[in-house]
Amino acid sequence: MDLHLPSWDISLQGLMDPESGNNKTAVAEFILLGLVQSEKLQSVVFVLFLFVYLVTDGGNLSILTATLVEPKLHTPMYFFLGNLSVLDVGCITVTVPSMLGRLLSHKRTVSYGACLTQLFFFHLLAGMDCFLLTAMAYDRFLAICRPLTYSTRMNQAVQWILVAVSWACAFINALTHTIALTTLKFCGPNEVNHFYCDLPQLFQLSCSSTQLNELLLFAACFIMAGVAMVLIITSYIHVAAVVLQIHSVEGRKKAFSTCGSHLTVVCLFYGTGIFNYMRLGSVEASDKDKGVGVFNTVINPMLNPLIYSLRNPDVQGALWRVLVGRESLT
């Protein structure tokens, strides 16, 4: 693939892909159009996203610190929650700082290699998020439905195995999509109607057939999201059946509180993910895709620590001790 040829070199037009329909050479870089075009609005977007980035990192790192230093939170549920905080920090860091840099420098171009690198890490972290949320649902199932054997079925070794297997599956998924993308030819135009590199937007720019790539993306999402959602729904059907049998109102409230936080995060994650990646045959870029991208990479990572801390007195108490240095009022 002649990806390093300058786009203005017309001497190599004979090597161009006939499917492109235009005499253009292979592109070596993409232009990310970003969220807004107005310079005044770009300044507003820069300040807003910088603030959100700092708040998101601060919130997730606080959750991670609390789960590490607070002995009361050294349980499987908070072990997975700490891992989720790491993923949220990684997800927003893969996309937002580069966008802020482009807004600051007024340079919207990104090299082909940098675009693929961003895409790989974004899908690695998103895939890991998918598997981790499933592991968290399994943990809640064991804790509520199998309490007598919970400590042995969800011991430290099992926790690390679940995380390691999740990373391995997410790595394979991200690598598969990245390698598949390198088989496509890009000969112009090279404008990506988004603020980061992602598969649906890059498919639109290819001058070769993307049918196999789209089928691969749809199949991977169907398998990953489909299997994960079936496991999560099955787990919570059993959880709901057990919780409804609890006679204590306080006991039911506590059980629904911990499960409710996880279910809220699951609905936000899968709702936006399905809309973004499981629209087979959709090749039209729109502001809706940008909105979903903002939700996936910015809003979700920012909301996750709020959801878990607002609904969980244990996390609130630990955060209070970590951040303020006082004993929790709870």
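For all residues, glycine too, the Cβ spot is worked out from N, Cα and C.
Residues or ranges marked as transmembrane segment by TrEMBL: 44-66, 78-100, 120-138, 158-180, 215-244. For 59-308, the entry in TrEMBL reads domain 'G-protein coupled receptors family 1 profile'.
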Candidates 44-66, 78-100, 158-180, 215-244; stretch with most C-beta pairs under 8 Å toward the transmembrane segment (120-138): 158-180
Contact set, same chain, for the transmembrane segment (44-66): CB under 8 Å, 6 or more residues outside the stretch: 34-36, 73, 81-82, 85-86, 88-89, 92-93, 96-97, 99-100, 103-104, 298, 301-302, 304-306, 308-309, 315, 318-319, 321-323
Intrachain residues whose Cβ lies under 8 Å of the transmembrane segment (215-244), provided they are six or more past its termini: 127, 130-131, 133-134, 137-138, 140-141, 144-145, 169, 173, 176-177, 180, 199-200, 252, 255-256, 259, 263, 266, 270, 273-274, 277-278, 280
Per-region confidence, the domain 'G-protein coupled receptors family 1 profile' (59-308) (mean pLDDT, whole number): 87
